Each structure stands twice: as C-alpha cells, then as structure tokens.
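What TrEMBL records for this protein:
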type: REGION; residues: 1-31; note: region 'Disordered'
type: DOMAIN; residues: 45-80; note: domain 'FCS-type'
type: REPEAT; residues: 141-245; note: repeat 'MBT'
type: REPEAT; residues: 253-349; note: repeat 'MBT'
type: REPEAT; residues: 351-456; note: repeat 'MBT'
type: REPEAT; residues: 464-560; note: repeat 'MBT'
Amino acid sequence: MFDGYDSCSEDTSSSSSSEESEEEVAPLPSNLPIIKNNGQVYTYPDGKSGMATCEMCGMVGVRDAFYSKTKRFCSVSCSRSYSSNSKKASILARLQGKPPTKKAKVLQKQPLVAKLAAYAQYQATLQNQAKTKAAVSMEGFSWGNYINSNSFIAAPVTCFKHAPMGTCWGDISENVRVEVPNTDCSLPTKVFWIAGIVKLAGYNALLRYEGFENDSGLDFWCNICGSDIHPVGWCAASGKPLVPPRTIQHKYANWKAFLVKRLTGAKTLPPDFSQKVSESMQYPFKPCMRVEVVDKRHLCRTRVAVVESVIGGRLRLVYEESEDRTDDFWCHMHSPLIHHIGWSRSIGHRFKRSDITKKQDGHFDTPPHLFAKVKEVDQSGEWFKEGMKLEAIDPLNLSTICVATIRKVLADGFLMIGIDGSEAADGSDWFCYHATSPSIFPVGFCEINMIELTPPRGYTKLPFKWFDYLRETGSIAAPVKLFNKDVPNHGFRVGMKLEAVDLMEPRLICVATVTRIIHRLLRIHFDGWEEEYDQWVDCESPDLYPVGWCQLTGYQLQPPASQCKLVYRKGVLL
C-alpha cells in the first residue's frame with residue numbers, strides 16, 4: 001500500500017500550504033460538516049463532539065476527531081509513533097524476560113520536542129548504518145530450523161510471479177537430485193556429491209546425500225538457486241570429482257554402479273537452471289532513473305524521486321529535493337505507487353512540483369514501458385461516480401477494511417478515495433486506487449466474507465448496517481459489477497510461511513504467515529507480533545516473497561520478534 005509512511009517526520013501542515021506549489025485541485029463537496037482539532041480540520045458525518053487526551057503526546061482535543069477506533073491518539077502521527085515504540089518496547093521486554101504487552105511505551109511521556117529529537121537521533125543512526133553497510137546482526141534465526149522444528153509449510157516459489165524464477169520454477173520438487181559440495185570429506189580440494197531434495201521451503205531445500213537412505217544425520221538446508229547447486233552431470237562436464245561422504249564411504253564397493261541404479265529415471269535440475277536464475281535477477285530499473293511516486297507525507301499527491309539502489313527488484317527511492325539523500329521511500333519496481341514522469345498530469349492526479357528547475361547530472365526519466373500496466377477499463381458507460389460508497393483497505397492501517405467514499409474520478413480508471421469519518425477537509429489524506437485494484441470492494445463484501453468492517457470514526461449506530469448508513473447519508477453504493485472479480489489460482493494456503501514487507505516500515509522484510517484467505521485477499525501475520533500489526537494484502541502483491549528470497553538477494557531478513565536481538569549504543573535503541 002502506501003509504503004514508507006513516516007509518522008514522526010510527518011508534516012502537520014495542510015497540503016495546500018503556500019510554501020508548496022500544486023496543480024489545481026477540485027474543491028471538496030460542500031455537504032461535509034467539519035470539526036477542528038489541534039490545528040487540523042476534519043470532516044465528520046454528524047458533527048457530535050467530546051473530549052479526549054492523546055496517549056502519545058498528551059494533547060487534548062475533540063474525541064470524535066481522534067485517530068484509531070479507541071480514540072487513543074490525536075493524529076495518525078501519534079498512532080504510528082506509539083505503534084513503532086510499542087514494537088521496540090515489546091522486544092526489550094522479551095530480552096529482559098518480561099511478557100510483551102500492547103501497552104508498552106517508549107519515550108511516551110517526554111515532551112514533544114524531546115520525542116522528535118530522540119527519533120531524529122534514531123533515524124540518523126539508521127542512515128549511518130545504511131551508508132556504511134553495517135546491518136544490525138540478527139543471529140540465531142535459521143529458516144531451516146524454524147521450518148523443521150515446527151513442521152511448517154512454506155508457500156511455493158510459483159506463488160510469487162514477480163520473484164526470481166517465479167514463472168519458470170518448473171518441476172522442482174522432492175526427490176529431485178542435484179550435485180552439491182561434499183562437506184563430509186577430509187580432502188584438501190573442493191569435491192562434490194549427489195544429494196536428493198527431502199523437503200522444499202520456498203527457495204530453500206533440505207538435502208540428503210545419496211547413500212544415506214533413511215539416515216537424516218547429515219541432512220542440510222541450502223538455497224536451491226545458490227551458485228554451488230548444479231544439475232546431475234555438471235561435475236562430469238566440468239571435470240569436477242564426485243566423492244562419496246566419508247561417513248558412508250565403506251558402504252558400497254562399487255559407487256559407480258550404485259549411482260547408475262539410483263539415478264536411472266530420477267529428475268534433476270534443467271541444464272540451464274543457473275542461467276535462468278541469473279536472467280531472472282536482472283532488473284530493468286537502474287540508479288539515477290527518475291519516477292513519480294506517492295508523497296509519503298501527503299498521500300493525495302505524487303512527487304519526483306530518483307532510484308538510489310535496486311535490490312532484488314526493490315527500489316530505494318530518494319525524493320528529488322532531498323539534499324542529504326535521506327528522505328527515502330522503499331517499494332518494488334512493480335508497485336502501483338510508482339509511475340513514469342508525467343503520469344499525474346495525464347490523469348488529473350495531484351502532483352507536488354519540484355523546486356529543482358532542471359535534472360541533476362546523470363539523472364534521466366524512466367521509460368514508461370518499464371512500469372506495471374493496469375487493466376484498461378471502459379469509462380464511457382456505467383462507471384464510478386463521486387460520492388459512491390464502497391469498502392476499502394485503509395493504506396494507513398492495513399489490518400482494517402473501512403467504509404469509504406469515492407471523492408474524485410480520474411482518467412484511465414483511477415479513483416481518489418477517502419475513509420469515511422477521518423478525512424482532512426482539504427482532501428490531503430485521500431489516496432489513489434485503480435478501479436481494478438484488489439484493495440477496494442463493493443458494499444457488503446466484509447459481511448458476506450465474515451470480515452470485521454471498520455465503521456466511520458465516531459459512528460454510534462452499532463452494529464454498523466450499510467442500508468441504514470446509505471439512507472442516513474443520502475448515498476448510493478458503487479455497482480458491484482464495476483469491481484475486480486478475477487481470482488487467480490494463486491496456490492496460497494492458510495498456514496504457509498513466507499517473507500513479507502512490513503508496509504508500515506517498508507525497509508523491513510519479516511518472517512510471516514498466511515492466516516486467512518478470502519478469494520484473492522490474504523491476511524498476513526508477522527510472526528512474534530500481535531494481530532494488530534497484521535496486513536491485508538493481495539495474492540499478487542509484489543511485497544510478498546518466497547522463503548529464502550532475502551538470502552538469495554542479499555537483503556536482511558527480520559526474524560520473529562521473539563528471536564530478535566537488539567543493540568544499544570549511547571542509550572539509543574537500534
């Protein structure tokens with residue numbers, strides 16, 4: 001969704017500030033009553049008010065305008081800060097032998113200035129680590145041990161079409177034979193032996209040397225796409241020696257006859273497997289390319305950013321006006337949040353013009369054909385209209401599906417959508433979804449699929465009933481036939497393990513589990529964390545990866561929270 005939402009650096013001023021130049025935007029509907037809170041202006045269906053105190057910063061304001069269902073925070077910023085700090089405190093509690101708690105707080109009672117200063121120091125530390133490539137060590141986690149000890153099943157590579165080998169994984173399965181280095185050997189040179197796949201977990205395979213039969217004593221895990229894994233016959237073609245493991249060397253007098261018998265009719269990797277792996281890890285996006293990407297401080301608009309680095313198809317984008325190159329945004333190259341230069345103007349989307357008058361040396365616009373294509377739609381007949389109601393995943397709280405409204409219809413099938421009951425009066429928190437997006441649903445979707453629908457903030461007639469709400473607001477539901485009904489045969493099953501981006505902190509890729517499947521919608525749970533951090537994600541989201549993707553691409557994997565080891569330096573939690 002809207003990756004990189006940075007709460008503590010959020011600009012609390014309106015997006016219509018005179019300091020910024022934007023393209024002209026259509027005025028807001030005049031029938032929305034407004035209320036004010038802490039300098040922010042909100043729309044609210046019935047205008048009722050009450051008072052509340054923010055648990056993060058201590059500010060007092062109108063209760064109904066407070067963020068979150070429990071009215072605990074005055075703004076998205078405080079909610080996100082609290083959530084992030086709760087995670088850190090939960091890990092610390094575990095290290096100290098205390099049970100984790102949702103109410104754990106860090107820096108909570110400090111003055112706002114002190115809180116921001118501490119966060120700035122924390123961010124600076126992270127940036128310094130990135131510059132020196134010094135990652136925080138996450139020792140003690142092994143996908144193989146995690147899978148084996150808990151009898152987990154990992155989602156197969158074929159579930160991830162955007163990942164390396166996702167479309168050409170072929171018949172790689174249990175019992176496939178490969179040639180691998182023989183580590184049970186005392187020879188001074190590197191030798192190889194044949195092993196069979198006992199179990200697959202994403203890219204990772206549990207291997208057993210040929211000749212060990214039912215003995216699992218020397219079984220080992222490896223990444224099947226690694227450089228030391230070869231199809232049977234590679235050693236003969238390359239002049240490499242095949243030497244049986246020392247433990248079973250005495251078992252057969254004629255190893256050649258044994259191998260001929262064992263390998264007759266057996267499957268192995270395709271001869272061009274390593275070439276396909278290499279080709280599937282070539283990415284068309286390159287550093288210095290310019291793109292339009294969602295503005296993480298004002299979701300309603302886009303800004304120009306420059307590709308800083310590419311890792312496994314994931315892009316680190318730096319906003320063009322960032323002088324120290326620390327104002328960044330992470331997303332996959334197939335993300336719906338990035339577009340070619342000129343996209344916003346072409347469809348009528350808000351765009352923050354850059355203060356930079358000309359391209360910097362070496363920067364160039366990304367060719368339009370490199371971006372993910374959206375399905376063409378016919379807007380000439382019955383189509384979405386402003387004011388229509390629907391259900392949508394909240395990009396600022398991905399664990400919820402909310403009552404929402406179409407606020408503006410753009411060209412090429414794009415829609416600006418607002419979450420009912422929590423919209424800023426200037427539309428600065430509207431967000432853009434395509435009409436075919438798997439993140440929007442017709443009225444009644446949650447009820448039919450037994451998902452908890454989040455009603456408008458402050459709405460008191462509970463349980464929420466769509467019929468009553470539509471009548472009270474004088475609204476109509478968006479026609480069901482306009483929504484995307486395609487459900488691919490994705491292959492995911494409840495309980496499968498994978499690696500998933502934490503879209504609230506998109507630099508992080510974490511150990512995760514599929515806990516629920518509704519058609520093409522997946523509920524992703526981050527192992528070791530409370531359910532409030534879960535995310536609804538589409539089955540074809542480019543933010544989901546097979547087990548072993550981080551190892552294959554060199555990206556750092558965040559293990560389950562209970563296994564994290566934190567580092568303290570000068571009182572700063574890293």
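Cβ from N, Cα, C; glycine included.
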Checklist entry - Helix, strand, coil residue numbers for the repeat 'MBT' (464-560) per DSSP? => result 19 helix, 31 strand, 47 coil
Next on the checklist: Across the repeat 'MBT' (253-349), what does the mean pLDDT come to, as a whole number?
Outcome noted: 94
Checklist entry - How do the residues of the repeat 'MBT' (351-456) split into helix, strand and coil according to DSSP? => result 10 helix, 38 strand, 58 coil
Checklist entry - Could you give the number of helix, strand and coil residues in the repeat 'MBT' (141-245) as assigned by DSSP? => result 16 helix, 30 strand, 59 coil
Checklist entry - So how many of the residues in the repeat 'MBT' (253-349) end up helix, strand or coil by DSSP? => result 22 helix, 35 strand, 40 coil
